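Undergrad: One structure, as structure tokens, below. Some questions next.
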Amino acid sequence: MSPKTETKASVGFKAGVKEYKLTYYTPEYETKDTDILAAFRVTPQPGVPPEEAGAAVAAESSTGTWTTVWTDGLTSLDRYKGRCYHIEPVPGEESQFIAYVAYPLDLFEEGSVTNMFTSIVGNVFGFKALRALRLEDLRIPTAYVKTFQGPPHGIQVERDKLNKYGRPLLGCTIKPKLGLSAKNYGRAVYECLRGGLDFTKDDENVNSQPFMRWRDRFLFCAEALYKAQAETGEIKGHYLNATAGTCEEMMKRAIFARELGVPIVMHDYLTGGFTANTSLAHYCRDNGLLLHIHRAMHAVIDRQKNHGIHFRVLAKALRMSGGDHIHSGTVVGKLEGERDITLGFVDLLRDDFIEKDRSRGIYFTQDWVSLPGVLPVASGGIHVWHMPALTEIFGDDSVLQFGGGTLGHPWGNAPGAVANRVALEACVQARNEGRDLASQGNEIIREASKWSPELAAACEVWKEIKFEFKAVDTL
């Protein structure tokens, strides 16, 4: 090769392995408004300095590989590389550190949660230099937020569609989740809706099984909600689960739901995948369907304190990918959820602007600009005695979903729905009158049960039921 045609890469190239921190640990770096910022909980292997571990995360999730390569000279690594710009120890934990990494926006495809996660968490979690790694939070810059459609409709549009204001919405997951015929399933839906619930729900694993094919379920559920609407004068919905084995089949189910005129469909966004979810969210906006999101499989990813991805990151990703509701934990029921941490990501779902607040696990200030909000869904092991706490914790912009807490009523589904609706209305009225739900909640429920035999029966059945376990997800 003559000197005239010699490439930059062949000048000064030296093969071999060098420490990541020499290139990717840059404590002097000042982050840009356009950077995606990540907070990783890093547990290095014994003998690995935290700076090297943090730099390795930055390298392996951006431009780096295990050895020096001559093609590095063909591009500007300083422009494209991730940078570990700050490391701090985790209080009370041995050999755990929070490593802050900044990624240039050019590393990511516009409007693609799939590509964002493939880059940031795709390969680095199996890295040998780390004993464990957890992505605690992401700061999504407004320049990147604006490339996403986000939720199909958002909180205000949903309330306008349903004509329901000033209170949380009420739902119920139909049980048993598997085994019912389509007609019996539709009957259970009708009983719940006519009793006063706003929504009923397919469970996450109800797709199209031999005992109940999806088309039969959609037809009987549509009949049930139209009948309940006619009797109550309220708009009703059933989350018809469109999740399927292929994107084409998923879209076929969503199209059929739209043809039936129902207001809402459902998707399991983690098992279904972000590409499928974003496609469905776009269809729902274009065709006036609300989209309920179930987070099946989330605990596989987020339950371990030192490894995986925290749910606040999955919640942010869902808001970008698209969904009008998402399950968020209850704080008081049978499923995981510590109060301050749960409310931290509930605010990340609902609000336009969220300040950094480490006491709630929020590592970065997040500005969602014009992206619509998502309603958090409290579901799992809750019943009428929990209603005051749920109303106080989650406020009006939420969905409170009682499965067993409706269908387990001794008199049947409709009385179970009546009990929940009466309890909710009593709590909202008491709150509006200035009463303290936290201290007077049980008294409020007892007062309401005096004029509602359905609520009185529910109070008697569930008076001793508690789920008292220490939360795993702590700061």
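Placement of Cβ uses the backbone N, Cα and C atoms for every residue, glycine included.
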Undergrad: Out of R213, R215, R295, R303, which does Swiss-Prot tie to the same substrate site as N123, T173, K177, H327, S379?
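TA: Only hit among R213, R215, R295, R303 in Swiss-Prot's substrate site, alongside N123, T173, K177, H327, S379: R295.
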Undergrad: Sorry to bug you, but what's the C-alpha spacing from H294 (active site, proton acceptor) to S379 (substrate binding site), rounded to the closest Å?
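TA: Distance between the two Cα atoms comes out at 10 Å.
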Undergrad: Per DSSP, D203 (Mg(2+) binding site) is which: helix, strand or coil?
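TA: Its secondary structure by DSSP: coil.
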Undergrad: Per residue, counting other C-beta atoms within 10 angstroms of the C-beta, which of the recorded positions K175, K177, H294, R295 reaches the highest number?
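TA: Max Cβ neighbours within 10 Å, all protein chains included: H294.
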Undergrad: Please name which of the recorded positions listed here, K175, K201, D203, E204, is nearest in space to R295 (substrate binding site), Cα against Cα.
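TA: That would be E204, nearest by Cα distance.
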Undergrad: Compare the Cα of K177 (substrate binding site) against each of the recorded positions D203, E204, H294 and report the nearest.
TA: D203
Undergrad: Which of the listed binding-site residues (D203, E204) has the least company, meaning the fewest other Cβ atoms within 10 Å of its Cβ?
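TA: Looking at the binding-site residues D203, E204, the Cβ with the fewest others within 10 Å is that of D203.
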Undergrad: Cα-Cα separation of H294 (active site, proton acceptor) and D203 (Mg(2+) binding site), in Å?
TA: 9
